[in-house]
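Student: Here it is, the structure, as structure tokens.
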Amino acid sequence: MASVCVAVRVRPLNEREKEMSAKVIIHMDGSTTSVHCNKKHIPKGIPGIGLTDGGRHSFSYDFSYDSTDVRSPNFVPQDKVFKDLGCDVLKAVFEGYNACVFAYGQTGSGKSYTMIGSPGDLGLIPRICDGLFCQISEKDQVDGASFRTEVSYLEIYNERVQDLLTTKTGPGSGSGLHLREHPKDGPYVQKLSTHLVQNYTDIEELMHAGNAKRTTASTGMNDVSSRSHTSFTIIFTQVRFDAELPCETVSKIHLVDLAGSERTGARLKEVANINKSLATLGSVISVLADTCVTGGGGGSHTGKRKKQLFIPYRDSLLTWLLKDSLGRNSKTIMIATLSPADVHYSETLSTLRYANRAKNIVRKPTVNEDSGVRVIRELQEEITRLRGLVENNQVGVLVSKRSLVRIPELTKWKNKNLCALEQDLIWRFVDGGGKLSQAPVQNLPEVLNWVEIWCLRWPWYMVLGSNF
């Protein structure tokens, strides 16, 4: 099991805040983040403060990044954020796990800068993509494995899903794509385009094309504010041979940049939808945290815990899309971005509290291995175990001569079909020139059908000597 990794990052004061003579109220010491504020620092008319003099709140997170002053020795650049968080994402993906990184915070707090960056200072998404292909090159030379990388890019605007990598113009074109849920694979977007990429340059071009279509607008906090939630997804497939058996894993990396919350705005419908989805995300985080905290309680609280087990994922498209990342099969990182200014005290404290609750979410990520390959590996292990029992005379009188005679025959049959599966996997991923291919698997269903039959029936066949 693994908890959600939570990091907080505070940006420098912007020009608007300097003109308002705003004071810095965020202070960081190691992994601890503290917010200090007095009433005299709060301009008149700012709602929802309710602060007493000398107010201070401290929180401890996995990482606290102070990026307020570039001249400070404690200043945290983009590269440091990638080394701490991005490298863990890449490690998880090459091990076969799903991964998710999402930035959470009020509008203008630095979410897009942290996730996407600027032309001269790249953020997490481009650095993770570049690091992925650097590691592919290294592992390809050492392990001889085959890799396949596909990407998709979507935005959620006014509770509609739009594909940012299609030729359609404008976020409001059409009625949007439909979000569905597979009983095993979880939520997915129907008809969302995926694009095969061979290197980082291919990804960079697709990202630029998608970002150009993303919905932005000028707000009171940010001249170029993201008005939609976006998810850049990498589908990473790797195939290699482990102890003469094929091994195939398919991992997904969800890199999510959320729109920022606002109290007011001229685009009322847009603001209402953004705030609704973010409020739902906060509710989901709270319920998941409560469920994980009370999950080990005593029997007297059983009824209460059952009520908390309902998690409102489907109250918004954003939380439905993040369902697997938040509550199920993923290694997840949350980055809470903050403004250092006292004029944003209420929003800052709210963000810190949500981030603090997210630390309590515990998930059980699993390796996404191909089910057919896993069945064959388990069959191989069962064969080895049963042959050892026969050779050591540990199966007793229940083993008949007839079943013992047929062990070599069955082993030969298994090896034949295993070779067929290996050839299918090789043909699927590599063509004659050594490049990745999209050719379909022809014999795999038939092979897997036989494997499943023998996994269920072989142990009884060998021990009881049954006629099959």
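One-based numbering along the chain as shown.
Every residue gets a Cβ built from N, Cα and C, even glycine.
OK, TrEMBL features for this one:
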type	residues	note
DOMAIN	3-361	domain 'Kinesin motor'
BINDING	Gly105, Gln106, Thr107, Gly108, Ser109, Gly110, Lys111, Ser112	ATP binding site
Student: Across all the protein chains here, work out how many other Cβ atoms are within 10 Å of the Cβ of Ser109 (ATP binding site).
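Tutor: Around the Cβ of Ser109 (ATP binding site), 27 other Cβ atoms lie within 10 Å.
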Student: Among all protein chains shown, how many Cβ atoms are found within 10 Å of the Cβ of Lys111 (ATP binding site), not counting that one?
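Tutor: Result for Lys111 (ATP binding site): 27 neighbouring Cβ atoms inside 10 Å.
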Student: Could you work out which of the binding-site residues (Gly105, Gly110) has its C-beta surrounded by the smallest number of other C-beta atoms within 10 A?
Tutor: Gly110
